[in-house]
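Trainee: Here's a structure for you.
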Amino acid sequence: MTIALGKFTKEEKDLFDIMDDWLRRDRFVFVGWSGLLLFPCAYFALGGWFTGTTFVTSWYTHGLASSYLEGCNFLTAAVSTPANSLAHSLLLLWGPEAQGDFTRWCQLGGLWTFVALHGAFGLIGFMLRQFELARSVQLRPYNAIAFSAPIAVFVSVFLIYPLGQSGWFFAPSFGVAAIFRFILFFQGFHNWTLNPFHMMGVAGVLGAALLCAIHGATVENTLFEDGDGANTFRAFNPTQAEETYSMVTANRFWSQIFGVAFSNKRWLHFFMLFVPVTGLWMSALGVVGLALNLRAYDFVSQEIRAAEDPEFETFYTKNILLNEGIRAWMAAQDQPHENLIFPEEVLPRGNAL
């Protein structure tokens, strides 16, 4: 047997170890390596949006007022996209367009690219934060996987779609009314509601809402009597070892209602994860298709018959005519640089004009 005598000396920590110890320390607000991406990007994205909606006009890019300073409110203010003439420029503050002039940069729409890019990386940082924390406490990464769905939608709508078009101009501006207008644009120019990917997205989101309502109600209905409190919350013991509700009772109830029911909690909760996430992923794929100007369903036979027979009309042909009206009205409004002129008789009429 060999005995080694001497003093054990631990190697000094290098810079990575020191940073790792500090970043992943147990504190009230976890930072982590993901925080190096999340916190600066979220700060700049939110700060840029608040700055733009408060002070910055869209007169030079869209011919619109879009800030609180100009009289907008929370629903009508927005950080607007750059002009179409700027195409896909990153609009860096020090770039050839603004040349370091902050006022000019804001007027050209630089805040939009600033908010969009920092927002995208901020969302990715938040997903990585969920990965990092899950790994630290030895959880599976399904929270992060689920959060990839809204990230996919954001990236496809705000970045990939305008990249497939002529410029950032055709992306949504960051504002409530601006997003509504973008939805109308999507319908008029892409017939988005008849796109199968949009249909899958609607089924996913509304189906998830239905599943949440059913699940929450079923759990409340089958709670074990675990206390003498007057309501659910006072009777709840956060350290209880037993189940909170009866899966067996819930299974029997829904078996009688529908004839089928979830047999175990794992499959039930996976299904609640699968439905909305898949729906949002499909929506994102559909928007990528729109970036390439792929068309939705076309029922040409109905259009031809409606054109030939004044007595034949379907909800589809009526919607196609509505889309033509949207295009005729929005194209001249939204793209003044194209100098589009439509005869008065093809434009929509109404006292709102």
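Positions of Cβ are set from backbone N, Cα and C atoms, glycine also.
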Trainee: May I ask you to indicate which of 20-40, 41-61, 314-334 is given in Swiss-Prot as transmembrane segment?
Mentor: 41-61
Trainee: Please identify the range among 83-96, 153-166, 265-278 that Swiss-Prot labels transmembrane segment.
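Mentor: Feature transmembrane segment in Swiss-Prot: residues 153-166.
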Trainee: Checking feature assignment: transmembrane segment per Swiss-Prot, candidates 103-123, 208-228. Which range matches?
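Mentor: Here Swiss-Prot associates transmembrane segment with the stretch 208-228.
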Trainee: Quick check on the annotations: Swiss-Prot lists transmembrane segment for one of 245-261, 279-295. Which range is it?
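Mentor: Going through 245-261, 279-295 one by one, Swiss-Prot flags 279-295 as transmembrane segment.
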Trainee: Mind checking which residues of the chain, 6+ beyond the ends of the transmembrane segment (279-295), have their Cβ under 8 Å from one of its Cβ atoms?
Mentor: 148-150, 152-153, 155-157, 160-165, 186, 190-192, 195-198, 200-205, 207-208
Trainee: Within 10 Å of the Cβ of Phe262 (plastoquinone binding site), how many other Cβ atoms can you find? Include all protein chains, please.
Mentor: 19
Trainee: So which of 41-61, 153-166, 208-228 has the most C-beta pairs under 8 Å when paired with the transmembrane segment (125-141)?
Mentor: 41-61
